[in-house]
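Taken verbatim from Swiss-Prot:
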- 77-83, 242-250: 3'-phosphoadenylyl sulfate binding site (BINDING)
- N64: N-linked glycosylation site (CARBOHYD)
- N153: N-linked glycosylation site (CARBOHYD)
- N197: N-linked glycosylation site (CARBOHYD)
- N342: N-linked glycosylation site (CARBOHYD)
- N405: N-linked glycosylation site (CARBOHYD)
- 24-420: topological domain 'Lumenal' (TOPO_DOM)
- 2-23: transmembrane segment (TRANSMEM)
Amino acid sequence: MQCSWKAVILLALVSIAIQYTAIRTFTAKPFHICPVPNPLNCGLGQDVESFDRMCDEYPYFNYNSSRKTHILILATTRSGSSFVGQLFNQHSDVFYLFEPLYHVQTTLIPHLSPSRYAVERRVMLGASRDLLRSLYNCDLYFLESYIKPQPANHTTDKLFRRGASKALCSMPVCDAFSPNDGNIEEGDCVRKCASLNLTLATESCRERRHVAIKTVRIPEVNDLKALIEDPRLNLKVIQLVRDPRGILSSRIETFRDTYRLWRIWRATGRKPYNLDLTQLTTVCDDFLNSVSTGLSRPPWLRGRYMLVRYEDLARNPLQKTKEVYEFLGLSLEKGVVDWIHNNTRGNNDVSAKHKYGTLRDSAANAESWRLKLSHDIVDYTQTVCQHILDELGYKAVNSPEELKNMSISLIEDKTFIPFL
């Protein structure tokens, strides 16, 4: 009973915080009642011009779907999403943000359970959708409610992984680098650029035709339905999936404390009695729910959803990138092609030691988990994740010898055609 009362009080406090954030956002800006044009008339210049004149003071309408394509990379931790994010970050007309929902999570739910209890999940998703809507409309001031300490004069040095966004390390946001500098290292950006001015960041966002956001904090595409159905956002979702066995292996190597019991199992061959199995089952359940929705082709996902396997991208990065860009209606720039050539061939010692690195031998990395996981862990994973493994075309192994035989691929040739 005592825990129940604590849960009720916590939910009430979080709800008040969200409402306060929303009210403060509305009251901080002038309110306009703007007539929304009929989408069928978007090609009629006079109507659109009149609409813009009436609403030019209101950024939500001033940066609508007639001008921008918005992209969301829907992924889970250690699935290759940082690599995919760079495919958009390198495009000169894309404003890219790396995990802005991190701030929502750390502010509202500092102790979010890996199993994502229903109450916490609803709170997190509601706030996340509100923030995404604002960011896609280049309202970066909305972030200030979640950044701690709160920015002063719209300036902060606490934006998570600011250096992972090329737009936030370039003019007009930062003048430390010239346009000819090419690839800007994340650490160099953080060291050489001054604190982030959100007003200049907003200006940079509005100058670009596309906004791309990467997140591992939205469990399923179903959770994005309200945003996808909003015609003003013109949102398209790239769902990135990876073999759950590879995800588990990467997490064991990267998050050593959190996955300590998995490491014990791998080393001793004995499964700890108190192992948190939700660290595996949550990934498979979320994948299955989301992919099942996407592949069932509901009307609200027509032209809005593309499923991409990390392994396909790793084995043929340029061809897969071309397919993704074609689906999104983006031109494949030379800078993106050059980045792919430079960052998917051969090992990179510096990046290999960094848990969030994107420079790697992508083809070799796709199935390297087979040399790191024990067969008993793999066998258990195949049992609890059988349905999603079958759905995505990942083959099971039946012996330690088969697991370590790298001459036999565990990835079926399977094509996932976008729903157009």
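Heads up, the Cβ atoms here are built off N, Cα and C, so glycines get one too.
Taking the features listed in Swiss-Prot, we show where each one sits on the structure.
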| residue | record | CB count, 10 Å |
| --- | --- | --- |
| T77 | 3'-phosphoadenylyl sulfate binding site | 13 |
| F83 | 3'-phosphoadenylyl sulfate binding site | 22 |
| N153 | N-linked glycosylation site | 9 |
| N197 | N-linked glycosylation site | 21 |
| D243 | 3'-phosphoadenylyl sulfate binding site | 26 |
| R245 | 3'-phosphoadenylyl sulfate binding site | 25 |
| I247 | 3'-phosphoadenylyl sulfate binding site | 25 |
| S249 | 3'-phosphoadenylyl sulfate binding site | 24 |
| N342 | N-linked glycosylation site | 13 |
| N405 | N-linked glycosylation site | 13 |
For this session: Any same-chain residues 6+ apart from S81 (3'-phosphoadenylyl sulfate binding site) with CB under 8 Å of its CB? Would you list them in sequence order, or say none?
Result: I73, A75, K214, V216, L240
Problem set entry | Of the binding-site residues listed as T77, S79, F83, D243, I247, the one whose CA lies nearest the CA of N342 (N-linked glycosylation site) | F83
Problem set entry | Pairwise Cα distance for S249 (3'-phosphoadenylyl sulfate binding site)/N197 (N-linked glycosylation site) [Å, integer] | 39
Exercise. Nearest to R245 (3'-phosphoadenylyl sulfate binding site) in three-dimensional space, by Cα, is which of the glycosylation sites N153, N197, N405?
Worked result: N405
Seminar exercise, completed: As a whole number of Å, the Cα atom of N405 (N-linked glycosylation site) is distant from the Cα atom of N153 (N-linked glycosylation site) by 58
Exercise. Are there any residues in the same chain, six or more apart in sequence, whose C-beta is under 8 angstroms from the C-beta of S79 (3'-phosphoadenylyl sulfate binding site), and if so which?
Worked result: V216, L240, V241, R242, I247, Y310
For this session: Could you find out if DSSP has N197 (N-linked glycosylation site) as helix, strand or coil?
Result: strand
Exercise. Expressed to the nearest Å, what is the distance separating T77 (3'-phosphoadenylyl sulfate binding site) and N197 (N-linked glycosylation site) at their Cα atoms?
Worked result: 29
